[in-house]
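Working notes, beginning with the structure itself.
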Amino acid sequence: MGAAASIQTTVNTLSERISSKLEQEANASAQTKCDIEIGNFYIRQNHGCNLTVKNMCSADADAQLDAVLSAATETYSGLTPEQKAYVPAMFTAALNIQTSVNTVVRDFENYVKQTCNSSAVVDNKLKIQNVIIDECYGAPGSPTNLEFINTGSSKGNCAIKALMQLTTKATTQIAPRQVAGTGVQFYMIVIGVIILAALFMYYAKRMLFTSTNDKIKLILANKENVHWTTYMDTFFRTSPMVIATTDIQN
């Protein structure tokens, strides 16, 4: 679902819409006595996630289910194309559902209605229920804050749990990539600094610390290359002195 920061934004938006839909469509309220309480919430592998439980209970379990699905649909519709592209993989990993960007809403609705209307869920009369999530990751430098909304019914809580499984699965896919990406960027920066430092030292040595052999080479390289005809010109530039034989005899 895009960057890890977008996950937190999506979580917040989803929670707000669920609360609003439950209030509007299922007459839920934070003051209503809940028939079911959340006893414990387990995250088997928690890597930086915080959790709070919020009660929004009512007596209409079917309306709760519809409200949760409506909130999920609206939230998905508000995602960017890049974020939507992540969702099918999240469905497969979290709920074992094969889906696509175009059918994800319908497939999720079918999954929730089949699962949450099953006898195993409907006949669960436990007044205190526990919720178990496999794993959750926080974004680099900041935790992911989750909110489980207790609807007060097994049906409603079943739908909420399905959404939370998707959300936490998204954190396991995005946050580790960001950590890995941060590490790669760090090493690339370090390597770049080392290369620049090596180049600086090389040129500094050439400029400030020149050996005797290098100095000789530089002098010879800068010395003018004199052509052989120049030496002949120099030799014949002054007329030779003529000595008479009489002078020698005397």
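Yeah, the Cβs are placed from backbone N, Cα and C, and that goes for glycine too.
Swiss-Prot has this to say about the protein:
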| type | residues | note |
| --- | --- | --- |
| DISULFID | CYS34-CYS57 | disulfide bond |
| DISULFID | CYS49-CYS136 | disulfide bond |
| DISULFID | CYS116-CYS158 | disulfide bond |
| LIPID | GLY2 | N-myristoyl glycine |
| REGION | 2-12 | region 'Targeting to MV membrane' |
| TRANSMEM | 184-204 | transmembrane segment |
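Positions of the features from Swiss-Prot, shown on the structure.
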{"residue": "CYS34", "record": "disulfide bond", "DSSP class": "coil"}
{"residue": "CYS49", "record": "disulfide bond", "DSSP class": "strand"}
{"residue": "CYS57", "record": "disulfide bond", "DSSP class": "strand"}
{"residue": "CYS116", "record": "disulfide bond", "DSSP class": "helix"}
{"residue": "CYS136", "record": "disulfide bond", "DSSP class": "strand"}
{"residue": "CYS158", "record": "disulfide bond", "DSSP class": "helix"}
Using a 10 Å radius on the Cβ of CYS34 (disulfide bond), the other Cβ atoms enclosed count 18
Compare the Cα of CYS158 (disulfide bond) against each of the disulfide-bonded residues CYS49, CYS57, CYS136 and report the nearest.
-> CYS57
Closest to CYS136 (disulfide bond): which of the disulfide-bonded residues CYS34, CYS57, CYS116, going by Cα position?
-> CYS116
Pairwise CA distance, CYS34 (disulfide bond) versus CYS116 (disulfide bond), rounded so that it is a whole Å | 18
Neighbourhood of CYS57 (disulfide bond), C-beta criterion under 8 angstroms, separation at least six = ALA28, SER29, THR32, LYS33, CYS34, ASP35, ASN150, THR151, GLY152, SER153
Fill in the CA-CA distance, CYS116 (disulfide bond) to CYS49 (disulfide bond), as an integer in Å.
-> 26
